[in-house]
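**Q** My questions all concern the structure below.
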């Protein structure tokens, strides 16, 4: 049997496990978005490499995914049958010529040149053998070099741009005609001989990564990577490069028809893994390198190129795959599905977590997937590198809570490895840390698949993505004073991981392996706020790593409170994956405090027992089973007073993916998408910590307003909301404010239809205009909430500038909105700002300032309770309606402010305005107007230019033709967004607590 027939036989025998992500294909097809991310870094020779990513949807091109693998003609017949039967004739399949072309495939790229593309999509989706239709995506990455005058070995991070450190090798004189782009970049580099006049700390020359990881200990045992196939998805590699022993195969998946690396990034990554040069040794020098060139010299790639390359990696029986690229789009379904398929077929994928630190909520895909080993970076001082992306994952928002990522960290700052043609160079970034772990995985795997080395090693285990991940996480060394959303399980410990595998038997493990809501700093943010009665559930999302097999299920799960340790004073609700696949699943633990513990304080203990079952392995007769305990520890406090409790609205925040939601600051050019989750533990982390330090308790609302009991909370905080509101929500908030004394604080952002059309862009690659789905905030929706209830309206003036209040530092007002209507008995503060909207529309800056209202404070009047109610009677706490309600002389208070940037970590370069937030909360909780506001109000009230009444023109309307409905939880999809075509109001979630199985024991010491 020849090699081609052999590969076809392998493919035909593959058992591909598939799961379905429920989504509307037309939603994603019509998404209009662009993602630009800048990555900059400083090298040891004072040269910075700047990498810019741009992701776009390709016009008229769609990836048609089938339910199985078929030959080209068979796939063409299926597509033809689907389209021709619907009288769609203007279509064609793009032929793909690459190493996988001669084998069956599970997808095609189809061009649909029809007016009504949805008709074509529907026709394809109705075919029984077509699984999904999604848009083709293009990824563009460019590298630019410029000189730096300061000496710093980690990426600058204050601007929160995507960054990677680089040092250029002066010996790179590339004569290859395919590398013209690299030559041009090399010519831009200049040696910077400037010296700092002041004294400075001298850094030692970075040590070999192999020495730091103690790789020699395994080399001396004959473990060198031999027999392990390592795939590197990057920019290629020269076959004649002197640093590499075994370049088994090089394949090109681009349209350039070359196998050479014209830029050097792929060469560097390969060097970290397998270089044999004494000057910059790789970790597994005898591993077999399979080079997948998926980026052109222009740094262009397509989703379909990756899909073909992934299929070929499965055919080639790759052991380890390193992917040092990533992005925030975890809803690129063909890509995500193919990664699952790869790992299901035994490929261990290692991927960089991202270079968007120290901002939280910045994990990249695919490193944020449960079945992938996501790697973060540390420096040589064992500190989390400033550039390394932080958790949590944001897939689960708004209804749940994110998972722990990265999985582990390793050295990614100033790592020395192979340069483009000869010699060595130094780079930094998680794209460097990722191949460090990939090399370690290759080395470890070789100790168990290569049977002829001299040492007696456990030969009964088969290396899988699960047990390799278990070994890495189970052996990782925890870094002190660092949270799990920054370091995962800790720092890579290669030798300990080897010993872990040496004695391994198939088991199930958990990440994190226990729950301790009192342990700071590792369990941040859980450890910063104790739990109490009537609070929103505290949700901990546990990743289950199934070493028993690629698939499995939970067959038994029990909650065991420890009677001797007050475990009966909490309720625990458990939800989990129906199927653990591939190699993993999730367990969500929701903890609440019953009414009986409302006034109790203390520590509680217990544990959850899980039993997982997987099918028998080859040669086994019985199913595999594993039981594991998840320890729980929590601190309960008496329920805090209402005026100290703040409810954060998460439900009405929308972000990328899936829609094009722009940044709140229009001056942000490099990373224009709002993709960090807008959560108190991601890009509002600093605000959260400030409020906790001030004695406030902050809870997150992941449901509609009809699902919380207003009598428990002093203030509802609505920040940067893009979602629409259900009418029932609007009515309930009016009652909550005027009858229950709830206060509302709104931090809005810019909205102007003309500006939205102006900030659209024409993409040359896709030949399409991309328009935001809304502004920085959805002002028309906020006005639906505010105008009818309290005659408060926000306008479409886009203001920019700074203003001062009292003796505090100036507040930056970055692309905010202004107040257009406000009751006469309220307090409105005016400040002078630039008309940024006009400047954007005319492309001219101006020194002119306009006096505009941006802060409004209103005390509402109490209303008689209505007998009617639209709220769910099952909301926690409503059964306590016989309790005496808190009496107030007035209703609650409403505060609006036109901009959220000064409390958003994404814009931390601007001084935060937490002191102003403190003053606002003083007003909402006490009713007393802080002097800092009253003095400013009185100062301007006497000015002749101060308007007496606010009724500034017509309120902003929704943009015609916008696509917000495709991403909204409120609007019906595929209907013009006029705010009137709504989905049914979703039911409030009902928590079903696990039946306690008490144990008469105490927590283990």
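Every residue gets a Cβ built from N, Cα and C, even glycine.
From TrEMBL, for reference:
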type	residues	note
SIGNAL	1-22	signal peptide
DOMAIN	57-137	domain 'Membrane-bound transcription factor site-1 protease-like N-terminal'
REGION	166-194	region 'Disordered'
DOMAIN	225-488	domain 'Peptidase S8/S53'
ACT_SITE	234	active site, charge relay system
ACT_SITE	265	active site, charge relay system
ACT_SITE	431	active site, charge relay system
DOMAIN	511-639	domain 'MBTPS1 third'
DOMAIN	640-936	domain 'MBTPS1 fourth'
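Surface or core, plus neighbours and distances: that's what I need for these features.
**A** Following the DSSP three-state reduction, the secondary structure of residue 234 (active site, charge relay system) is strand.
Secondary structure at residue 265 (active site, charge relay system), as computed by DSSP, is helix.
DSSP classifies residue 431 (active site, charge relay system) as helix under the three-state reduction. In this view, residue 431 (active site, charge relay system) is surrounded by 29 other Cβ atoms within 10 Å of its Cβ, with every protein chain counted.
For the domain 'MBTPS1 fourth' (640-936), the model's pLDDT averages out at 85.
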**Q** May I have the DSSP-based helix, strand and coil counts for the residues of the domain 'MBTPS1 third' (511-639)?
**A** 12 helix, 66 strand, 51 coil
**Q** Between residue 431 (active site, charge relay system) and residue 265 (active site, charge relay system), how far is it from one CA atom to the other, in Å?
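**A** About 9 Å separates the two Cα atoms.
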**Q** Please report the distance from the Cα of residue 234 (active site, charge relay system) to the Cα of residue 265 (active site, charge relay system), rounded to the nearest angstrom.
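**A** A Cα-Cα distance of 7 Å.
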